[in-house]
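Sequence annotations record features per position, and here Swiss-Prot assigns topological domain 'Extracellular' to 91-584. Residues or ranges marked as disulfide bond by Swiss-Prot on the basis of similarity to another entry: Cys150-Cys176, Cys203-Cys222, Cys266-Cys278, Cys273-Cys291, Cys285-Cys300, Cys307-Cys333, Cys360-Cys383, Cys433-Cys451, Cys445-Cys459, Cys517-Cys554, Cys543-Cys581, Cys547-Cys569 (among others). The annotation N-linked glycosylation site is assigned in Swiss-Prot to Asn233, Asn421, Asn458 on the grounds of sequence analysis. Residues annotated as domain 'LDL-receptor class A 1' in Swiss-Prot: 265-301. Residues annotated as domain 'FZ' in Swiss-Prot, with sequence analysis given as evidence: 466-584.
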Amino acid sequence: MKDYDDVILRPEASELSKTEFCNPAFDPEAGPSCPPPALQRDVGSRLQAPWHAQRLRGLQPDCHFSWFCILLLSGLLLLLLGLLVAVILAQLQATSLPRTTKNPLLTRGLTPMGVIPSTTPNTTTTTTTTTPARTGQQEAAMSPTHQTTCGGLLPGPSGFFSSPNYPDLYPPLSHCVWHIQVAAGQTIQLKIQALSIESMLTCLFDRLEIISEPTGPLLRVCGKTPPATLNTNTSHLRVSFVSDNDVEGSGFQAWYQAVAPGHWSCAHNEFHCDLLLCLKRDSVCDGITECADGSDEANCSAKTLGCGGNLTGLYGVFSTPNYPQHYPHQQLCTWYIEVPVGYGIRLEFHNFSLEAQAECKFDYVEVYEASNLGTFSFLGRFCGAEPPLNVVSSMHQLAVIFKTDLGISSGGFLATYQAINTTESGCPWAEFCQSGGYRDLQWMCDLWKDCANDSNDNCSSHLSPQPDLTCEPVQVEMCLGLSYNTTAFPNIWVGLATQTEVTDILRGYKSLTSLPCYQTFQRFLCGLLVPRCTSLGTILPPCRSVCQAAEQQCQSSLALLGTPWPFNCNRLPVAASLEACSQP
């Protein structure tokens with residue numbers, strides 16, 4: 001009996017299985033590792049098969065493993081293809097968005113065309129294209145963008161810029177400076193399209209300043225009325241926006257463009273009076289010559305459509321067109337009242353009925369007083385159904401302007417004026433004190449309480465309170481603790497109707513509390529805005545010395561803020577008596 005087996009080794013068979021023969025006698029420790037008999041028979045049959053058949057059968061792949069690889073590779077390929085399609089679609093959508101998206105609200109902050117807004121804090125986007133001068137329709141078609149930048153360089157031939165966050169409220173304590181630089185030999189045309197900045201005398205707190213480099217300041221604006229188009233003869237402008245830490249507004253938006261010298265223009269609703277200057281339409285034929293060539297006041301009789309004119313008698317009457325019927329739309333009437341030198345003028349309105357609006361922006365009457373220098377100073381603007389207080393002026397010239405828009409019409413007014421001889425006595429206004437009219441600060445009834453022969457009798461009877469003028473406690477927090485505790489409203493000197501309006505205004509002055517001169521400035525400001533009410537029912541302005549002390553102490557501090565002293569102290573009375581003015 002054989003104790004060994006015959007073994008035939010084939011190289012190709014070794015590829016099919018690592019173990020072609022198994023004998024437990026030679027590997028006792030392996031345990032039952034031999035394949036089952038069926039498998040042994042299968043191996044034996046494969047060894048007995050022809051060589052080429054065994055070769056072909058040995059090269060067949062594992063079907064289960066191959067299908068798994070195919071599925072895996074197919075999935076990866078589909079995933080990559082999907083990612084590629086997504087990237088392509090995203091790029092196509094990004095490039096087609098400006099053409100398919102409608103313009104957002106045109107009140108958003110504007111960004112120049114063709115430039116992606118920068119995220120750098122101190123940069124502002126500008127145009128880099130050399131497009132021709134824009135028309136109004138082209139400007140409106142531009143797609144505005146919410147702009148958060150504050151200042152920067154604007155080197156392109158045209159562009160837009162706006163206050164931070166426009167049209168939302170601009171942040172407090174902002175100081176943004178834009179430098180507009182166009183090519184040498186070109187000049188800059190600037191247009192402020194929208195404006196809503198805290199309004200205050202001389203734009204003391206929040207303001208937009210335009211400065212020509214290197215000549216100096218051109219314009220300072222605040223409030224809610226955009227100025228006319230600004231044409232310059234420089235290629236470099238510096239635009240500065242400043243806000244304090246109190247009252248905010250929506251700010252501004254503006255555009256600029258490079259213009260060849262001599263090719264300046266104005267907007268369609270503006271008056272182009274000479275090479276550079278543009279005027280708002282309501283500044284034309286208003287009695288104040290602003291154009292160097294006087295063209296804004298030329299041929300005004302033809303423009304007023306039969307209203308307005310020159311009144312030179314000692315007494316006169318004038319009225320709105322069609323009075324007492326409704327006045328026409330789009331009227332601009334100017335009456336020039338002139339009496340002999342040495343006379344003043346008393347103006348009174350009767351049956352007053354104009355379109356009512358809080359700021360008298362639509363239909364209104366304005367009164368101007370001539371100065372000794374030949375210019376006109378603004379006295380007041382009136383509208384609504386209540387006649388204005390009588391206007392008494394020490395000057396011998398007044399200008400009365402009546403303007404209407406396209407909207408509501410009403411009955412208008414009838415007005416009379418009378419000349420007053422200022423040289424007949426030492427108390428020229430005594431007989432007119434009872435009217436309590438709106439007048440120059442130096443010609444108030446209080447100044448003339450001591451009349452001829454040092455007697456108070458002539459004027460004291462006329463110092464009774466006005467029908468709607470009664471003393472009331474001072475309620476403005478900033479003005480508590482003055483030398484007096486009663487006031488009266490309306491305040492005809494500054495055009496404020498209630499103490500609430502004063503409180504709103506004084507919020508802007510809180511930023512000055514840190515100045516060394518604040519207490520002196522506070523006394524003067526409260527004396528002007530919340531005047532003293534006397535036991536006789538009259539109101540007293542602050543004395544000139546109070547204003548001068550505040551000016552002397554605060555002028556240098558305000559200069560550091562870039563603001564000149566905003567008040568003319570010479571308009572206030574000298575303390576001729578205890579009842580001439582107040583010492584808050």
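Note: Cβ is positioned from N, Cα and C throughout, glycine not excepted.
When DSSP labels each residue, the domain 'LDL-receptor class A 1' (265-301) comes out as 8 helix, 6 strand, 23 coil, counted as helix, strand and coil in that order.
When the disulfide-bonded residues Cys291, Cys543, Cys581 are ranked by how far their Cα is from the Cα of Cys569 (disulfide bond), Cys543 comes first. Here Cys291 (disulfide bond) is compared against the disulfide-bonded residues Cys150, Cys222, Cys333, Cys547, Cys554, and the shortest C-alpha distance is to Cys333. Between Cys383 (disulfide bond) and Asn421 (N-linked glycosylation site), the C-alpha separation comes to 30 Å. The two recorded residues, Cys517 (disulfide bond) and Cys547 (disulfide bond), have Cα atoms 12 Å apart. In this structure, Cys222 (disulfide bond) belongs to neither helix nor strand by DSSP; it is coil. Residue counts for the domain 'FZ' (466-584) under DSSP (helix as H, G, I; strand as E, B; rest coil) come to 49 helix, 12 strand, 58 coil.
Ranked by Cβ neighbours within 10 A across all protein chains shown, the disulfide-bonded residues Cys291, Cys333, Cys360, Cys581 are led by Cys581. Cys273 (disulfide bond) sits 23 Å from Cys307 (disulfide bond), counting Cα to Cα. Contacts of Cys554 (disulfide bond) defined by a Cβ separation under 8 A and a same-chain sequence distance of 6+ are given as Leu515, Cys517, Thr520, Phe521, Trp565, in order along the sequence. Taking only the Cα positions, the spacing between Cys176 (disulfide bond) and Cys543 (disulfide bond) is 38 angstrom. DSSP assigns Cys333 (disulfide bond) to a strand. A 10 Å cutoff on Cβ-Cβ distances gives Cys547 (disulfide bond) a total of 24 other Cβ atoms nearby, all chains included.
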